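Asks: My questions all concern the structure below.
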Amino acid sequence: MARGLDLAPLLLLLLAMVAGFCTAQINCTCPTNKMTICNSNGPGGVCQCRAIGSQVLVDCSTLTSKCLLLKARMSARKSSRRLVNPSEHAILDNDGLYDPECDDKGRFKARQCNQTSVCWCVNSVGVRRTDKGDQSLRCDEVVRTHHILIELRHRPTDRAFNHSDLDSELRRLFKERYKLHPSFLAAVHYEEPTIQIELQQNASQKGLRDVDIADAAYYFERDIKGESLFVGRRGLDVQVRGEPLHVERTLIYYLDEKPPQFSMKRLTTGLIAVIAVVAVALVAGVVVLVVTNRRKSGKYKKVELKELGEMRSEPSL
């Protein structure tokens, strides 16, 4: 009996350890990225999370890079795992979604290719900045996107938002939700119903722990579309002085430190359409001008002939 009493503390300790392990497993999630697989296999049972698709260890105290998020999104599509409802709208220029190649730090590699061996060069946001080519295409560097313009259009309201209040609320949002340093939000412009948010960040300005404006813009875009990447959070819920801000449309423009390298081939279709429209307009203008001149000329001839006939019919004095 005494031996059983001696074992009781050990059993209680064992049960406590099992309960603690189970609790750690339950609480082991990545609050800033739901597209991860987490476990407590780290040193001392520390919770560790790896991005789906790449298995890269992510830092859950800050935002995950856009490249790793896109790779996880494409991997989820392939495996039919329902993590985040994918949007049907293209988010990378006009090329739609693609399965990106990321470096060991989770950043986009300079050259991206698809399954058909078509390749192109991208900027630090993953947006194509050259014509598409084959696997012989060379991309020497990842050109940094240093200026992002987010353009929003909100639903009609009884009255326009106060610009100062709107500015303060959006700055608070990017600082608290997206961990973006306030100095990187350059300006907030507002002309009802259009809101423009300017993010600026040079490579020399970004510190080691600073959130990249590309990642902040991508998280914001997913929030706007109701596809939040944060665990336990729904879409964006922004209120300005108690008035909800409902966004109808979002456009994001990217400005790189170096201009893009598109050739005239990319503009061929558009140029042909423009030239055709201009040509039709010119031909129509010439036709109208000729017809108008002929009508005027015909009237003048009739008047001259009529006057000449009257002169001939007059009796001579």
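Cβ atoms are placed via backbone N, Cα and C, with glycine included.
Annotated signal peptide per Swiss-Prot: 1-24, in sequence order, evidence recorded as sequence analysis. Summarising the annotation, Swiss-Prot assigns topological domain 'Extracellular' to 25-270. Summarising the annotation, Swiss-Prot assigns N-linked glycosylation site to N27, N114, N162, N202 and lists sequence analysis as the type of evidence. The domain 'Thyroglobulin type-1' annotation in Swiss-Prot covers 64-139 and is backed by sequence analysis. Taken from Swiss-Prot, the feature disulfide bond covers C67-C102, C113-C119, C121-C139. According to Swiss-Prot, the transmembrane segment annotation covers 271-291, on the basis of sequence analysis. Residues annotated as topological domain 'Cytoplasmic' in Swiss-Prot, with sequence analysis given as evidence: 292-317.
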Asks: Measure from the Cα of C139 (disulfide bond) to the Cα of every one of the recorded positions N27, C67, C113, N114, N162, then give the nearest.
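Replies: Closest by Cα distance to C139 (disulfide bond) among the recorded positions N27, C67, C113, N114, N162: C113.
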Asks: Going along the chain, which residues six or more apart from N162 (N-linked glycosylation site) have their CB under 8 A from its CB?
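Replies: Sequence-distant Cβ neighbours: V240, R241.
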Asks: Determine the Cβ neighbour count for C113 (disulfide bond): the number of other Cβ atoms within 10 Å of its Cβ.
Replies: 19
Asks: For C121 (disulfide bond), find which of the recorded positions N27, C67, C102, C113, N114, N202 come within 10 Å, Cα to Cα.
Replies: C113
Asks: Considering Cα atoms only, can you say which of C102, C119, N202 is the nearest neighbour of N27 (N-linked glycosylation site) among these recorded positions?
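Replies: Its closest listed neighbour, by Cα, is C102.
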Asks: Counting across all protein chains present, how many other Cβ atoms fall within 10 Å of the Cβ of C67 (disulfide bond)?
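Replies: I get 28 for this one.
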Asks: Check the topological domain 'Extracellular' (25-270) for me and report the mean pLDDT.
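Replies: The answer is 87, the mean pLDDT of the model over that range.
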Asks: Tell me which residues of the chain lie with their Cβ under 8 angstroms from that of C102 (disulfide bond), as long as they are six or more apart in sequence?
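Replies: In sequence order, the residues whose Cβ lies under 8 Å from that of C102 (disulfide bond) (at least 6 apart) are S54, V56, S65, C67, L68, K71, F108, K109.
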Asks: Which chain-mates of N114 (N-linked glycosylation site) that are at least 6 residues away have a CB under 8 A from its CB, listed by sequence?
Replies: Y98, D99
